[in-house]
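Residues annotated as active site, nucleophile in TrEMBL: Asp6. Among the features that TrEMBL reports, active site, proton donor is placed at Asp8.
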Amino acid sequence: MRVAVDMDEVIADTARAKRALYGRLFGYRWSDDDLRGVKLDTLVEPAHAAAMETELHKGGFFAAIDVMEGAREALAEIAERHEVFIATAAMEYPASCVHKTAWLERHFPFLDPMRFVFCGDKSVVRADALIDDKSGHFESFVGIGICFDALHNQGADVAHRLTGWAEAPALLDRLDAERGAGA
């Protein structure tokens, strides 16, 4: 089975890094409850959101983000049985590409860099499954959409949801078996 995996808020803890940067630069502090079902940039002053966008467009922000808990181990296991591609909408921040590549090579050395896909519109990704935190990417995706749980997507109505990486290998194996059985 060919599996495409998003980076930000799926294998890279981008939300935590953004929260920390907003706190460091502007003094914002939020609880998880404050962020449940909302986008972070809707809670800040417009000038602060613009300053964050400027910082993200520099690209370096993406170099030092923590790996999501369990992602490395789960992807290593998944890669033993499935083709794994990383599909990230990096074109939102073109300067991030070099930093994201280095980050992937450092944290996921078992993944093939020739399977790193930097795109804007994920409908170009040809895979059997897409693990992403943004359910909107599933609308034009022809495979199975698997929503990776995040505070901002709590209200999303999705057929498949991962609440953490520990359950990912078994879910993909089950979906692959169902696909193979013609279900």
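Cβ from N, Cα, C; glycine included.
These numbers come from a predicted model, not from an experiment.
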Review point. Cβ distance under 8 Å to Asp6 (active site, nucleophile), same chain, sequence separation 6 or more: which residues?
Key: Ile86, Ala87, Thr88, Ala89, Leu130, Ile131, Asp132, Asp133, Lys134, His137, Phe148
Check your understanding: Over all shown protein chains, what is the count of other CB atoms within 10 A of the CB belonging to the residue listed as 'active site, proton donor'?
Key -> 25
**Study point:** Collapsed DSSP category at the residue listed as 'active site, nucleophile'
**Key:** coil
